[in-house]
Amino acid sequence: MLAEITRQDTRAERTRAELAQQTQVGEALVRGLVRAQLALALRLSLVVAIGLGGLPWLFAIAPALGRTTIAGVNLPWLLLGVASFPFLIAVGWAYVRLAERNEQDFTDLVQRPER
Amino acid sequence: MGNEFVVPAIVAVTLVTVGIGFYGLRLARTTSDFLVASRAISPTWNAAAIGGEYLSAASFLGIAGLVLKYGVDVLWYPVGFAAGYLALLLFVAAPLRRSGAFTLPDFCELRLGSRRLRILATAFVIFIGWLYLVPQLQGAGLTLTTVTGSPYPLGALLVAGVVTANVALGGMRAITFVQAFQYWLKLTALAVPVIFLALQWQADGRPAVTPPDGPTFRAATTVVVEHRATLTLPDGDIREVRPGDELTFAAGDPVPAVSGAATDANDWLLPSTAGADDRGLFATYSLILATFLGTMGLPHVLVRFYTNPDGAAARRTTLVVLALVGLFYLLPTLYGVLGRIYTPQLLLSGQTDAVVVLLPGAALGDGLVGRLLAALVAAGAFAAFLSTSSGLLTSVAGVISTDVLGRGSVRGFRLATVIAGGVPAVLALHVSGLDVSQVVGLAFAVAASSFCPLLVLGIWWRGLTDVGATAGVVVGGGAAIGAVLVTVLGPPLSGWPATLIAQPAAWTVPLAFTVMVAVSMATRRRAPADIAATMLRLHTPEALRM
């Protein structure tokens, strides 16, 4: 058990050294991680841009939507005043999960014993 | 008015804040003390503290006032204030924490190694901080006037004085606990009264928010006009009113239409539609852009991120903040809507920002419950002014003492605090006519047009150069500042110029990004030599750091 930990430590140290010295391998790995994280952030921004950002436009071209009521409350009030917040939180939650998974993949990749 | 619980409640909130500020004097003054104090704190507490500092007068008072006045279109303010934390989470939170930057100027120096850019960033931090402080003091002045009848300058100066003295002597910085407490106080102060208000609304036979014949006064009301306006009376007469005019209405009288507010039920209830109102749509998108992208550039928000132990924790904390802030923003809208029924006179007096403070008394009457709830709301409002202004003042004073006055001694920090608190106090006396949330909206627009592109490009794009960053901040942020100055000091505008100036983000944000990218590409050779190491530091997971 102890030996196992030590071996992992040295391996992580070696990888870290490799990354820090900016060998071509290390550099390519970091670029890949940055690209993956950025793509994730952009994809989720797109979800918000369409899901929320589309609303003013939708209300503008389809005024009937604004007049629709649910339980006596107009739809725009419900969507903006209530539903938008759980939506934002859900997107945030998905981001944290996926970003951590990207980082885990990266860690696994650089810590693989034989590369 | 005449509520014996209000003043003790406000005094109690202030004393608790100041008391722990003084206690903090012995605990912490330096950045490292701040860190040590914060490391022991769980993400939930830390998130509550961030939320406590973030929910300002604009959130507590301003949103309800805007909803009362303008209706559904301004619901984008709370949505945007919350969504700003999502943008922060997606693009900034973890890498910024890993960068080790404590303030925005620090980040400029770390990422681009430019002293000049650091100075520019310092100027923007100070400008945004002041622009954001003014409406806090304004809200304080307004609230004190509303609940005690004191003159407006007294309230604004009093809060400015208390906060300045508190920050100069003790600082709020280490006091995560107070700010976390203030988050829960603010939430309670809106959530508990809203239950009673909803019950009262039921008991009153669920009066319509937008009755077919237009809003009416529920009780005999005397209105003292605060701002010049044009009233359209129900019989079609048009009347100019000026500050000081007194208008008397009997119970059941219709509420006259007020220039500048959405008095017509449909304007208020329904979103702006295409064709007739392109400008409304532009303003909405501009507001969305400013609030979504501005949060990450607010000085007091970024400083707080340093209290997370690492990048992964910064992400989790931000998610909790998003949830806490989202929970809070469900409430102000209800006050604005109920204000339409119970306090329509605020549309006439122009004091729509007072709706949160006045609504419990107006709806529930002068009974014990009504008075206690009114005091609770007033206490929550003061928690909002104190926590946000303390956070802002600490940030602004911090950059003034280190970047303007030279090395940060305690003496220097105190002098900086007095400067940082004095200027907005003077400004607050001159802008009492502006809506609290609108001034805050302008601060967001400036942040979104300067620091947002700087942070996003700095974190994700290797090609950013110091010259490009400087040019983008000067052009984009400068344009936004110009728009603010015209709005606050300039002549009244109309038509498209008015819209472009009042909600500038939709053109200043793309402008800032474009200039920053174009100039960086033109000066490609100036990209920092250590960019690979910087990217490694910003993006490598903690598991590999050891």
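We count from 1, first residue shown onward.
Cβ from N, Cα, C; glycine included.
According to TrEMBL, the feature transmembrane segment maps to B:6-25 (among others).
Residues 38, 74-75, 77-78, 81, 132, 135-136, 138-140, 142-143, 176-184, 186, 190, 300-301, 304, 307-308, 317-318, 320-321, 324-325, 328-329, 332-333, 335-337, 339-340, 343, 346-347, 352-357, 359, 380-381, 383-385, 387-388, 390-391, 435-441 of the same chain sit 6 or more residues outside the transmembrane segment (B:45-68) yet have a Cβ under 8 Å from a Cβ within it. The transmembrane segment feature in TrEMBL is assigned to B:45-68 (among others).
Note on the transmembrane segment (B:117-134): residues 56, 103-105, 107-109, 297-300, 388-389, 392-393, 395-396, 399-400, 403-404, 420-421, 423-424, 427-428, 431, 439-440, 442-443, 446-447, 450-451, 454, 466, 469-470, 473-474, 477, 481, 484 of its chain, located 6 or more positions outside it, place their CB under 8 angstroms from a CB of the stretch. Taken from TrEMBL, the feature transmembrane segment applies to B:117-134 (among others).
If you look up TrEMBL, you'll see B:154-171 (among others) marked as transmembrane segment. Here the transmembrane segment (B:154-171) has long-range neighbours at 14, 17-18, 21-25, 28-29, 136-138, 140-145, 382, 385-386, 389-390, 393-394, 397, 413-414, 417-418, 420-422, 424-425, 428-429, meaning same-chain residues at least 6 beyond its ends whose C-beta is under 8 angstroms from one of its own.
For B:183-203 (among others), the entry in TrEMBL reads transmembrane segment.
The transmembrane segment feature in TrEMBL is assigned to B:282-306 (among others).
Here TrEMBL flags B:318-338 (among others) as transmembrane segment. Sequence-distant neighbours of the transmembrane segment (B:318-338) (same chain, 6+ residues past either end, Cβ-Cβ under 8 Å): 43-44, 47-48, 50-51, 54-55, 59-60, 63-68, 75, 78-79, 81-82, 85-86, 88-89, 93, 183, 186-187, 190-191, 194, 197-198, 201, 209, 355-356, 359, 363.
Same-chain residues lying 6+ beyond the ends of the transmembrane segment (B:372-400) with a Cβ under 8 Å from its Cβ atoms: 3, 5-6, 8-10, 12-14, 17, 21, 52-57, 59-61, 103, 105, 122, 125-126, 129-130, 132-133, 136-137, 139-140, 143, 147, 159-160, 162-164, 166-168, 171-173, 178-179, 182, 185-186, 188-190, 192-193, 196, 299-300, 303-304, 356-361, 364, 408, 413, 416-417, 419-421. According to TrEMBL, the feature transmembrane segment maps to B:372-400 (among others).
Packing against the transmembrane segment (B:412-433) from elsewhere in the chain are residues 29, 126, 129-130, 133-134, 137-138, 141-142, 152-153, 156-157, 160-161, 163-164, 167-169, 227, 350, 393, 396-398, 400-401, 404-406, 439, 488: each is 6 or more residues past its ends and has a CB under 8 Å from a CB in it. Taken from TrEMBL, the feature transmembrane segment covers B:412-433 (among others).
The transmembrane segment feature in TrEMBL is assigned to B:439-460 (among others).
Taken from TrEMBL, the feature transmembrane segment applies to B:467-489 (among others).
Summarising the annotation, TrEMBL assigns transmembrane segment to B:501-519 (among others).
By number of Cβ pairs under 8 Å, the transmembrane segment (B:467-489) is matched best by B:501-519 from the list B:183-203, B:282-306, B:439-460, B:501-519.
Most Cβ pairs under 8 A with the transmembrane segment (B:439-460) among the ranges B:183-203, B:282-306, B:501-519 are made by B:282-306. Counted over residue pairs 6 or more apart, the CB atoms of the transmembrane segment (B:282-306) and the transmembrane segment (B:183-203) come under 8 Å in fewer than three pairs, which marks the two as apart.
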